[in-house]
């Protein structure tokens, strides 16, 4: 079934910034998709097109991207007559029309909005739930419910506190099902709120962009201590582990790292990659930390390779790999990490996101599907993670509707699958063994 109409508009994301929403019509009806946006972005990501008009939304409008869809992409896709089930053909047509390596002509936010809507329409055309359609596009016969990585303490560029490292996450690997994992996560989250309130006062329980708490602490080990205390207090020491997203590119200064980067610059306090690596080793020794994302700058390849060789935990590439096959291939070659963070808007189309995922999995890596800090009510990534069988997803704390929208959709999918539902649990790094 071919596309009858495409219409894009500017809407607002969870931070109050404009983003792109696309309505796509076929004979089966209307299919709507909205595009997320990151705060700490890797320099190698596909280009997110913003208007730059400071008189409007402080320069962050997306009317140019919207116009590219309505005046250029829509007519081309409609006149092509290509069916919405042909995801790769339609995505490739948009890539050809754009003609740039990083989607800078139309903007990755324009191309992705249409690509997501096409995928939803394709599922309806095949009379399949979206997650089954995605599984078919990826050539997967399995469907696996992921372990959620709840971001319960926010720092870095996601919060107004002094904390350098961006996310401290809890992973309920010992849960019996996804629904059970949600309960465990929510209980630890509420316990953590009480722990923080008792230690730092009520105003310390304000939340960051992704729903995690943002107490004004400086020491990263203090955040880990708070999370560990909440896990123990809730009674889930045996069922819960910790993950981190350091987002180290945000505090990389002149070849070194500034763990107090939100204060005025003072080069005398900067530390080397080796010193930072030793700090992570301490974290792994003293806390149940099983996953660290972006431990070093996106171009500090030597530090990545050295650290990954010396630890037995999951090392996740985000700014390093930006969901880009070329960057992933280099990271595989240099043994820089062992897990890909999959963000659809870093690469800018469903087809390329699936290709990036398959490339990582073929090389023995784990894959974690991820939201962005600027999110919408769109739940596409919930279906994506099940269809791609990656076994792990991070989409914020169990707080804020744009985060819960994804988690709630995953609970619905698990319910729909019934006895067929399998939860990744302890095998979140390698769910194919399930």
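Backbone N, Cα and C define each Cβ position, glycine as well.
If you check Swiss-Prot, you get these features:
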- 210: active site, proton donor (ACT_SITE)
- 343: active site, proton acceptor (ACT_SITE)
- 40: Mg(2+) 1 binding site (BINDING)
- 158, 167, 293, 318, 370, 371, 372, 373, 394: substrate binding site (BINDING)
- 245, 293, 318: Mg(2+) 2 binding site (BINDING)
- 245, 293, 318: Mg(2+) binding site (BINDING)
- 202: SUMO2 cross-link (CROSSLNK)
- 2: N-acetylserine (MOD_RES)
- 44: phosphotyrosine (MOD_RES)
- 60: N6-succinyllysine (MOD_RES)
- 60: N6-acetyllysine (MOD_RES)
- 89: N6-acetyllysine (MOD_RES)
- 202: N6-acetyllysine (MOD_RES)
- 233: N6-acetyllysine (MOD_RES)
- 233: N6-(2-hydroxyisobutyryl)lysine (MOD_RES)
- 256: N6-acetyllysine (MOD_RES)
- 287: phosphotyrosine (MOD_RES)
- 343: N6-acetyllysine (MOD_RES)
- 406: N6-acetyllysine (MOD_RES)
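Structural mapping of features recorded in Swiss-Prot.
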residue : record                 : Cβ neighbours (10 Å)
2       : N-acetylserine         : 17
44      : phosphotyrosine        : 17
60      : N6-succinyllysine      : 20
158     : substrate binding site : 24
287     : phosphotyrosine        : 18
318     : Mg(2+) 2 binding site  : 29
370     : substrate binding site : 27
372     : substrate binding site : 27
394     : substrate binding site : 28
406     : N6-acetyllysine        : 25
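Nearest in space to residue 293 (substrate binding site), taking C-alpha to C-alpha distance over the recorded positions 44, 287, 343, is 343. Sequence-distant neighbours of residue 343 (active site, proton acceptor) (same chain, six or more apart, CB under 8 Å from its CB) are 38, 318, 322, 323, 370, 371, 372, listed in sequence order.
Taking a C-beta cut-off of under 8 Å and a sequence gap of six or more, the residue listed as 'Mg(2+) 1 binding site' has these contacts in its own chain: 156, 157, 158, 166, 247, 249, 250, 319, 373.
Cα distances from residue 406 (N6-acetyllysine) to the recorded positions 44, 60, 233, 287, 394 are smallest for 394. Closest to the residue listed as 'SUMO2 cross-link' by Cα-Cα distance, out of the recorded positions 44, 60, 89, 233, 245, is 233.
Taken residue by residue with DSSP, residue 370 (substrate binding site) is part of a strand.
The highest number of surrounding Cβ atoms within 10 Å, among the recorded positions 202, 233, is found at 233.
Each residue contributes its Cα atom, and for residue 89 (N6-acetyllysine) and residue 394 (substrate binding site) those atoms are 29 Å apart. For the recorded substrate site, residues 158, 167, 293, 318, 370, 371, 372, 373, 394 set the reference point as the centre of their Cβ atoms, and the other residues of that chain within 8 Å of it by Cβ are 38, 151, 166, 210, 245, 341, 343, 396. Under the three-state DSSP scheme, residue 293 (substrate binding site) falls in the strand class.
Cα distances from residue 256 (N6-acetyllysine) to the recorded positions 44, 60, 210, 287, 394 are smallest for 44. The Cβ of residue 89 (N6-acetyllysine) has 14 neighbouring Cβ atoms from other residues within 10 Å, across all protein chains displayed. One way to see the shell of the Mg(2+) site is to take the Cβ centroid of 245, 293, 318; the remaining same-chain residues with a Cβ within 8 Å of it are 166, 167, 244, 246, 247, 292, 294, 316, 317, 319, 341, 370.
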